[in-house]
């Protein structure tokens, strides 16, 4: 059957309807006999109808898609409009000429205008304040359009007489084809942040002022308290030392004075730690003598209480550990003092051992244990809080300020460790800490860390001639008696200028001066002495500061003034014993040392006297020869004299004379030669004067 036979029903509508429908077979038979043109017409009509239907369906789909796209675009525009105007920060758009094209509602509200009134205006036309703001914004706009890089900066916009600190931002925007169209801009009001910053700066300034005022108050309090304590502690110590069997009242008075001194020191240390002004000064230290010295310091107290004080030290004697010996000793003394205070019987033990922590590194473990009353478990979490013993729960454990353990904890943390505590009520206490320290092989510890040497008055100790300067007579008197008890001779003056003249007159080995005095204070006195020594070509003498102000700045100030050491009032005999043995004895200070000759076999007093006679004649002859030599003479005789004097300097161990001879040998030009000759003459005069002082002459 032809393919178009299926369209036969459609053709029936175009033909006249018969009165009686023929049979289907008849219709098909008749359709076969239709002309070809009819079938082509019918096919064309059918194709047109189908294409029309397809086009109509496609058109309906496109209309629906366009309507959906339009709705989506309208939704997006509505969202962007709501978003733009809903933002609390002002936003705006400017074209390439800097004219405003659109803005949000926050921008309109800020300037009290509308978009219609603002559209097309430039920055200069908006009456911005303060003066110069419009020019700044215009420059930033031009810079952005030129470099096409975002800009961010702070500025201040005044509106209605109120300044608004804003964070301004500018970014370029481009068309779909990548062409620059203008800029987007806006700002965030940071006025509240600025106010907070100002408030924080003001609060910080007030806190610093309060901290400085507290520091000044503590320093003043320390100075005012230490000044009378200096006399009290010093005199009590002298009385206890001199009295074979001191009374109980005298011992209680001394212990109370020492407790007051310790309390003042703890308050200052705690303030320095909390303010961040406590700085460690690590140095190679032999811990063995330090630990032995700590045990000896508390040995007398332990004997009085009937408590055994033990030291178990498992450290290599030849190793020196790099740490701060002063702060470590302070921690150990606090722990030992607390252990003895709360141990009525039994023993207190200080145990130290080292574990290898790597090449050149050790883990030092310190532990102080006792058989005392112990610390209850419920109290232990609060034991390291400052002034905690002022509260009822632990005040029954004993007397004290409650600062010692707090300072120990802070110092150990500063040194990189952590204190650990193990105790039960009635079962003693074990408290310790671990420090990591580098170590090196070396000799003995520093002089100041060794056990206290024997008093200078004992045989073998060399007495020093000390010039003491203090404007408070009682302090000078106490220090003079303390020095006398150690076997030293002291002269006391109360005026810095008189002390300077007395020092220039000679006859002193050490100068101990109060730092704070009216007129020429200790700092100025030390600077004047150092300047005079340089002018005269003299070797630097030992200058020691002496103050009641126990702050770190005092030590730095003393060092800048040229002092060698600093004593903090109240000064004890132990402190003087630590400082004075390091000072060169008088004969060495005079410029020579005959000790190596005196130790020779057969070198008796007569041989020494003959040597001194010959040395005095030689020095006089050398001075005369030096004066007789013409100033401009640079002949071989000068070199020979220098070589001969170098041999003499080595024989009598006179390093300053040897240095002057070396300078004379190296002098090349006439000026250097003149300076070297002058230096050599001063050294010879000093040697001669020192020799005469030793022999008791003028």
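Just so you know, the numbers here start at 1 and follow the chain as drawn.
The backbone N, Cα and C atoms fix where each Cβ goes, and this holds for glycine too.
The following features are taken from TrEMBL:
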type: DOMAIN; residues: 83-148; note: domain 'PAS'
type: DOMAIN; residues: 146-202; note: domain 'PAC'
type: DOMAIN; residues: 220-439; note: domain 'Histidine kinase'
type: DOMAIN; residues: 465-584; note: domain 'Response regulatory'
type: DOMAIN; residues: 604-698; note: domain 'HPt'
type: MOD_RES; residues: 514; note: 4-aspartylphosphate
type: MOD_RES; residues: 643; note: phosphohistidine
Original post:
Three states by DSSP: which one describes residue 514 (4-aspartylphosphate)?
Top reply: strand
**OP:** Could you tell me how many residues in the domain 'Response regulatory' (465-584) are helical, how many are strand and how many are coil under DSSP?
**Re:** 57 helix, 25 strand, 38 coil
**OP:** Please work out the mean pLDDT for the residues of the domain 'PAC' (146-202).
**Re:** 89
Original post:
Of the residues in the domain 'PAC' (146-202), how many are helix, strand and coil by DSSP?
Top reply: 14 helix, 32 strand, 11 coil
